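Asks: Pulled these from TrEMBL:
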type	residues	note
TRANSMEM	31-50	transmembrane segment
BINDING	LYS90, GLU91, ASP120	UDP-alpha-D-glucose binding site
ACT_SITE	ASP120	active site
BINDING	LYS255, ASP279	Mn(2+) binding site
ACT_SITE	ASP421	active site
TRANSMEM	493-512	transmembrane segment
TRANSMEM	532-551	transmembrane segment
TRANSMEM	618-642	transmembrane segment
TRANSMEM	654-676	transmembrane segment
TRANSMEM	688-707	transmembrane segment
Amino acid sequence: PTTVSTLSSTPLGILVLLYHHCTTFLASPSLLSLLLLLADLVLAFMWGLVQPFRWRSVCRREFPDRLMDMVGRKNLPALDVFICTADPHKEPPMSVVSTALSVMAFDYPTDRLSVYVSDDGGSEVTLFAFMEAAMFARYWLPFCRENGLQERSPEVYFSSSIGEKSDKMKMMYQAMKEKVESALQRGYVSGNDLIATVEELAIFKKWKGFTRRDHPSIIQVLLESGKDTDIMGDVLPNLIYLSREKNINSPHHFKAGALNTLVRVSSIMTNAPVVLTLDCDMYSNDPQSPLRALCYLLDPAMASNLAYVQFPQHFEGLNKDDIYGGEVKRLFRINSRGMDGFSGPNYVGSNCFFSRRALHGIRSSTLAPLDSHDSSEPRGWGSLRLDSVMKRAHEVASCNYEVGRKWGSTIGFRYGSLVEDYHTGYRLQCEGWRSIFCDPERPAFAGDAPKNLNDVLGQVKRWCIGLLEVAISKHNPLTFGIRNASLPMGLCYAHYAYWGSWCIPLTIYAFLPPLALTYQKRLFPEVFDPWFYLYVYLFLAAYITDLVDFLRTKGTIHRWWNDQRIWMVRGLTSHLFGTIQFALNHVGISTPGFNVTSKVMEEEQSERYDKGMFDFGIASPFFVVLGTAAIVNLSSFVIGIARAARIEGVFNEMFLHLFLSGFIIVNCLPIYEAMFLRKDGGKMPGNVTLISILMAGFLHLIGYFMFTN
């Protein structure tokens, strides 16, 4: 009831506030009143875009046992799993191996299961790791079945108290891990590492003269279900390693290009009607997740226009209060449920089961593989290792295959944005496809969120740039999206597309009111002024609604507080720098390109994170902005309180300024601690602190000329 009444009266309050700003500006035009109007216009705009997520939220439940009774295990469709990795030093090969082994151990017919690993880093160590994994799988898969394991990632299982008791299997895994990590440390695979056939040894000779951006395609069938069995004599799933051809003169389209290569190669080799995309660190946490997805994909009532079933991303290892907002609860759960009431959730890049036909834009009343009439890629039959199959697979993995074809525009994963997941899901829904959000009680997949603050902010900056690339294009959600999907879906996708605009109000409110407080220039109404109560109401309404939404999805007060803090931090850093970088790119000024988020964490850094301590240990421009905002608000608050203690009436006159600076100071406590109190490796570097103080002084100087003339 509180949320409903708040939502119903908030639009009127927002309109009244904007009216107040407009009349104030027209009566006495000034830069200050214009900036406040701009800030509140953007806040009102973003508030409007977020409302459709609350209109029709849906929760679903699946019954895999009923599916098995109706379809039967022998009639389940084939499944191709795509796992992408791009840098063996930021995405350790053993982490990728554990993810692959966890899905190879799905509770699913192994003769219908194929796992493809795309190595965009072109690393011989990654291939070596998967050659070792292929041997280990012969023991691991029977072990999972016999013991009824739910967590089938060996890395996760052997790190648990239960896994420590499995001495023999753990020793095998540790031996494999040591060999792979030793090769990674050396940077190459030596002859002593290998226990392989002459053919497998020859493959490593291809790496001579290799660079990440210039090399031929490599496709290696490591396991073939028609020939390879485990130690119990049961068929093993297919396991295929792929490193697509790269050429410095040909665009490779980052992850979207890798996924499209996987779509084509897999259509030649196995052509499963269902495709699962997974991040390399997002392991299977429920072996029955394919059956849950098939509850929808095999439903005749929705099969003809169902493009994908999206599971939420769930992160393990977050500290108690999730100081960096790593759950990303709104994106992965709250908003996905809201979109599911319309055409379905957006694609979030991992944990997603696609209908292969949807990726080709082909509708069908049943879930079926492609045939020769559906696509230019002919289907391969028989052994995966046949020369004809391998020759055609190499052809479709070449740099030039897409030239003159519609890949990335109307077929496959869409190009034109760094956030290929958002762009692909959005375009599919604009073409009339729908999706389903599947969020079972036990998370289907789990992984690790970035636990380094600079990596967290860098990742969000990259998202911001990619989203703006869609917003400033002919596929703008407010025009193209509303026209081709629906009004609610267009608004939902626009909410993400304009994420970067959060930097406008957050930057204005972080610096303008405290500077005004320093020079006693009132921007907001004083206490007991009727307009004062409007500001108080809108602040409380926004925060209460946000808190209720968060708690409804099993959040906690402490996690909510950190979540709203990291929202403000992103606005001043990721969104601000992302918007600036996008603008520079748009006018032709070169800026740094795509960076893979590191999955590696130092031991001391991990310990600080587990204790709930923010990590500011590197000299990052993000931290300069945060430090500057923290110093400006602290100094202004001290000056304002001192003045209010000496001069009667100042407290009432400047109360909203004092409250806003005080609120920011409370949120900045970890920053002050890192700047002035801490001595560990996570403290703010001295040069960053010094620059922040100098920048704060410079802003106060600018404030002097703005507010005293």
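Cβ from N, Cα, C; glycine included.
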Asks: Name the one residue among LYS90, GLU91, ASP120, LYS255, ASP279 whose Cα is closest in three-dimensional space to that of ASP421 (active site); these are the binding-site residues.
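Replies: So, spelling it out, the nearest of the binding-site residues is LYS255.
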Asks: Counting only residues 6+ away from its ends, which parts of the chain sit with a Cβ under 8 Å from the transmembrane segment (31-50)?
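Replies: Long-range Cβ neighbours of the transmembrane segment (31-50): 10, 14, 17-18, 21-22, 24-25, 491-492, 494-495, 498, 501-502, 504-505, 508-509, 512, 516, 521, 523, 542, 706.
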Asks: Considering only the recorded stretches 532-551, 618-642, 688-707, state which has the highest number of Cβ pairs under 8 Å to the transmembrane segment (493-512).
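Replies: Per the Cβ under 8 Å count, 618-642.
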Asks: Count the CB pairs under 8 A between the transmembrane segment (532-551) and each of 618-642, 654-676, 688-707, then give me the winner.
Replies: 654-676
Asks: Return the residues near LYS255 (Mn(2+) binding site) by Cβ distance under 8 Å, restricted to its own chain and a separation of at least 6 in sequence.
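Replies: Once residues fewer than 6 apart are set aside, LYS255 (Mn(2+) binding site) is near CYS84, ALA86, ASP120, GLY349, PHE413, GLU420.
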Asks: Hey, what's the Cβ neighbour count for GLU91 (UDP-alpha-D-glucose binding site) at 10 Å?
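Replies: Excluding its own Cβ, GLU91 (UDP-alpha-D-glucose binding site) sees 24 Cβ atoms within 10 Å.
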Asks: Under 8 Å between C-beta atoms and at least six residues away from its ends: which parts of the chain pack against the transmembrane segment (618-642)?
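Replies: Same-chain contacts beyond the ends: 453-454, 457-458, 510-511, 514-515, 517-518, 569, 572-574, 576-577, 650, 654, 657-658, 661-662, 664-665, 668, 671-672, 675, 684-685, 687-689, 691-693, 695-696, 699-700.
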Asks: Return only the integer: C-alpha distance in Å from ASP279 (Mn(2+) binding site) to GLU91 (UDP-alpha-D-glucose binding site).
Replies: 10
Asks: Quickly jot the same-chain residues contacting the transmembrane segment (654-676) by Cβ under 8 Å, restricted to those at least six beyond its ends, or write none.
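Replies: Those are 323, 509-510, 513-514, 516-517, 520, 522-527, 532, 535, 565, 568, 613-614, 616, 626-627, 629-630, 633-634, 636-637, 640-641, 643-644, 682-684, 689, 692, in sequence order.
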Asks: Over the residue list LYS90, GLU91, ASP120, recorded for UDP-alpha-D-glucose, what is the maximum interresidue Cα distance in Å?
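Replies: Largest pairwise Cα separation, rounded: 13 Å.
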